[in-house]
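A.B. asks: Could you have a look at this structure, given as structure tokens, before my questions?
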Amino acid sequence: MARSLYEWLWQHEFWLPPGITWEDMQESEDTHYPQPRDLLLSIPFALILVVIRCAFERAIALPLSTKLGVKDKQRPKAQPNPVLETFYSTRRKNPEEGELLSLARQCDLPVRKVEKWFRRRRNMDRPSLSKKFGEACWRFTFYIISFFTGLAVLYDKPWLWDHRECWTGYPQQPLQPSLFWYYMLELSFYWSLVFTLPFDVKRKDFKEQIVHHAATIFLISFSYCANYIRIGTLVMVIHDASDCFLEPTKIFNYMKWKKTCDSLFMIFSAVFLISRLVIYPYTVLYNTYYYSMEIFQPFFGYYFVNVLLIILQLLHVFWSCLIIHMVYKFLLQGTMEKDMRSDTEESDKDEERDKIREKEKNGITYFSNITSNGYIQRNGSEPLNNRAHLANGHAKER
């Protein structure tokens, strides 16, 4: 059964244009084509990147954050409570009103203290500023290396300047060693992001990030197997261009360098919107959808790769809407607001209100109700206004 599945999966009709078979893609001593088994190398390379990342964040990013004045906010810790901790770990982190009442009865605590416990417990799970700083430093380092690696690999390639060259001789386009290692670098990085996804900072677009990583891995893998190497390199270098500005924007935001952060944010916004909404559709989508038809007729691989590219473009539109909204807020307020994808830390305002109530009960800042005469008394003393109300209804100045 496994053999039948293997033979069905690798039918040349799925992967190659009409009239081309796997026999036409046989390698020789001088000619090498992409082989699917090569993709297995990306898994150990991804694990190596994870190890390098851990060492980088611990040995470089964390000490750097301290030197640059990135300080973690001191958060009040939730008191140990087995009942609440079990509910938090197994049920949900934000209980509903009925569940709060039930938990309060079980623990023999006021409901407001149960609410405060869950609020503090959720804050304890939120990533620290130094963790965000380290993650941004790692991604910035990789994107810079990847982007300039892509430029170094592609600057002398004809398809970078003439997009129709992506299809010259397709699919019998020999694989060059520089393109192979560039592909392995990018694919290994995205696999490493998948491996560390449970431990990375979770933002509001977490689900979109999963879709993005999956689509990217599928796109890179399929483009490699079907020898869409040339169009794949264009996709990767376009994406890395804007990411090089995104991560330093986050870094300066964590450092509280607002002017530098705002300037980099505007540069990132311009590069992102131009590269993802203008250059990508023309250089990649139009190229793959129309120019490729000058060389061969549509087949399964043609439709499949276009679907993946369109999914990426839909994600570009989603993130562009967030960025445009942030730019709009920036132009109105004169400063960049927080990352809309970030989770907001909860404050202890309820706790502050409780303290105020306790002080009021102790008579420190107690205010009485408005009396029937229409004035306010404090602590039972004389009226606060400067008039004395007489029994006959007239007022006399003091």
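Yeah, the Cβs are placed from backbone N, Cα and C, and that goes for glycine too.
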A.B. asks: Looking at 42-85, 86-129, I want to know which stretch TrEMBL calls DNA-binding region.
C.D. replies: 86-129
A.B. asks: Looking only at residues six or more beyond either end of the transmembrane segment (39-56), which have a C-beta under 8 A from one in the stretch?
C.D. replies: 137-138, 141, 184-185, 187-189, 191-192, 195-196, 221, 224-225
A.B. asks: Per DSSP, what is the residue count of the domain 'Homeobox' (84-128) in each of helix, strand and coil?
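C.D. replies: DSSP classes over the domain 'Homeobox' (84-128) add up to 33 helix, 0 strand, 12 coil.
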A.B. asks: By a Cβ-Cβ criterion of under 8 Å, what residues six or more beyond either terminus of the transmembrane segment (303-331) are in contact with it?
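C.D. replies: Same-chain contacts beyond the flanks: 205, 208, 211-212, 215-216, 218-219, 222-223, 226, 228, 231, 235, 262, 265-266, 269, 272-273, 276-277, 280-281, 284-285, 288-289, 337, 340-341.
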